[in-house]
Structures are given as structure tokens and as C-alpha cells.
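**Student:** Can you keep this structure in mind? I'll have questions shortly.
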Amino acid sequence: MKRIAVLTSGGDAPGMNAAIRAVVRKAISEGMEVYGIYDGYAGMVAGEIYPLDATSVGDIISRGGTFLHSARYPEFAQVEGQLKGIEQLKKHGIEGVVVIGGDGSYHGAMRLTEHGFPAVGVPGTIDNDIVGTDFTIGFDTAVTTAMDAIDKIRDTSSSHRRTFVIEVMGRNAGDIALWAGIASGADEIIVPEEGFKIEEVVESIKNGYAKGKKHNIIVLAEGVMSADEFAEKLKEAGDMSDLRVTELGHIQRGGSPTARDRVLASRMGAHAVKLLKEGIGGVAVGIRNEQMVESPILGTAEEGALFSLTAEGKIVVNNPHKADLDLADLNRSINI
């Protein structure tokens, strides 16, 4: 394989630039040419494909976001969209593609491989909800950003003896809430993977103030409900007059990546190039027990594949991601 391309797709995540840098420089060191596909699959179809060299990716390791830009392009799920993209790949002499993004991006990588263009997925999302890996690129930075914000909110919360409901990102996963909540000493952490009783939350808040606590911090994963809705439920269940709500929002997707995300992204990007050089496609890289691994994107659970097809042709996750609820137990045991 002499010429490959790299793209980023879906929501951006800190560390994507570090992964792109690793792909480009590892490929060059292996004697390969590298092209950047701008604006994800939409850019592939539009022919936004340009050569990259070592200088192109200089000084981007510390930058958040993705300098290749990203876009959601649902049309690539259709054969017509895939064939248009493949036509552009052929036009530019590209033989393999590294796709950095979430599970939707993986589906595109799988389709490219089926059409004869080996593609390797690299997990880039702050949500940490991709199967086949312990951690995704951007998660550590998002947790650190959320933790820093929660620390600041605690300062003002203590000054006024207030309760704060702080909503963090994560889509349907509670990983950011759990990690940021524990790291910031949150009093309550509410995640989609675990049920809760609003009356028990209210009782815990009141008990905390009775013990002399100066604040009460509730970290809420967005996959449960909005912070405003949760606050209304608290007010309905008890006297919560001095209650404030904060939605951290897209600040969690930006910023310079942490050292861990930079190293993780570099390892994953380089490993993806190694696989393409060996002619391997239709797989996604990951990290398990601090070791690089790869898993088939499509197949059976027994084969270790991430996704499978139903009889109706629908793509389903073989082993859906769930946040580690041992962390929830830990938080309860140390917040007394």
C-alpha cells in the first residue's frame, strides 16, 4: 500500500489532531504518501482531498478540535453516497483510509472495506462510549475540563451554601459524569446506567447540610435528562429553593488535549497505519489493559466484532458500552 488518506467524522474531540499527526508521520516513515480528507465523508464525496506532509501536521499536537474539520453526512449510509466517495478515492489513487470518529464513522469505514478500500477506525469521541476499547480519544480531556469547571462552581456554591445541578456531556453514557464527579468530590452522580429515586437524592442533600456541609454538588449525565428537568423534580420532591443549574455544554469538546489523550491518540494513529500497511481493513483499533488491540467492525459477538447485522439488515452493537458502576459505588462510599 503506497497511498492512504485520513479523515475525521462526527463530533470533534480533543486529541484528534494528535491522531492525524501520528497517521501522517508514521505513514511517511513507512514510505507511504498521505492525503487528508477535509469535512469527513461529505468532503470525500465532494473531492476535498489534498496531500499532507510532515510540515502539514507540525505544531498541531497541542491543538483541540480537528484541522481536517468534521461533518455529519448521513447520506454515506446509502450505497449511492459510498460509490461517490469511492470514485473520489480512486481518482486520487488512494488505497486505504484511516477514519477517526465514533460508531457512526465506523459504519462508513466498514462500507469502504466492503467496496475494496481497506479502512481502519480510530475511536475519537469525548463520550467514551465506543465498544472495543477501554478509552477513546478526547475522553480524558473532557473529564479534566468538566472537573476544572465543577471545582470552580464548588467555590461559589460554598460561599452561598447552595445546591448545584451540573449537567455534563456523554450522550447515553455516564463515563464523563462518573469520572469528573469523583475527581471533583461531587455529592451525587446521576448516570443513565443506574436508576435513582429523587426522594433519596433530596434526603441526601438535606442530611449533608444537617452535617454542616457548605455546598451540595450533583453531577448529572445528559443521557438521564436535562439539568433543568432534574432541578424541577428536586423542587417538587422537597424544599429546594436555593438551587442552581449549570450546563457545561460544548466547552467539554474543546481545549488543548491532556498528555494522556495526546499519547493515546499517537499510539492509535500509528497502529492504524501499521494495520493498513499489512492490508488489514474493516477493523477498529482500541486500547485494553494499556495495550493496542484491534477488533472487527462487523461480524458476530463470538468473533469479537463490534457490530452485527440483523436479518432485516439493521446494524446493532454486539456488546453495548456501559459505564463502570463500581465507580458509582466508590463515590457513595467516600461521600458520607
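Each residue, glycine too, has its Cβ placed from N, Cα and C.
The structure displayed is predicted, hence computed values, not measured ones.
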**Student:** Name the one residue among ARG63, ARG154, ARG244, ARG253 that Swiss-Prot lists for the same ADP site as ARG21, ALA22, VAL23, VAL24, ARG25, GLY185, ALA186, ASP187, LYS211, LYS213, LYS214, HIS215.
**Tutor:** ARG154
**Student:** If Swiss-Prot says ARG72, TYR73, GLY102, ASP103, GLY104, SER105 bind ATP, which of GLY11, GLY170, GLY174, GLY181 does it name for the same site?
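**Tutor:** Between GLY11, GLY170, GLY174, GLY181, Swiss-Prot records just one in the ATP site with ARG72, TYR73, GLY102, ASP103, GLY104, SER105, namely GLY11.
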**Student:** Neighbourhood of the ATP site (GLY11, ARG72, TYR73, GLY102, ASP103, GLY104, SER105): other residues with Cβ within 8 Å of the Cβ centroid, in order?
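**Tutor:** So the extra residues in range turn out to be SER9, GLY10, GLY40, GLY101, GLY108.
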**Student:** Out of GLY102, GLY104, GLY185, which has the highest number of nearby Cβ atoms, where nearby means within 10 Å of its Cβ, if these are the binding-site residues?
**Tutor:** GLY102
**Student:** Could you check the binding-site residues ARG21, ARG25, LYS213, ARG253 and say which one's CB has the fewest neighbouring CB atoms inside 10 Å?
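**Tutor:** Per-residue Cβ counts within 10 Å for the binding-site residues ARG21, ARG25, LYS213, ARG253 bottom out at LYS213.
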**Student:** Please report the number of other Cβ atoms within 10 Å of the Cβ of ARG72 (ATP binding site).
**Tutor:** 15
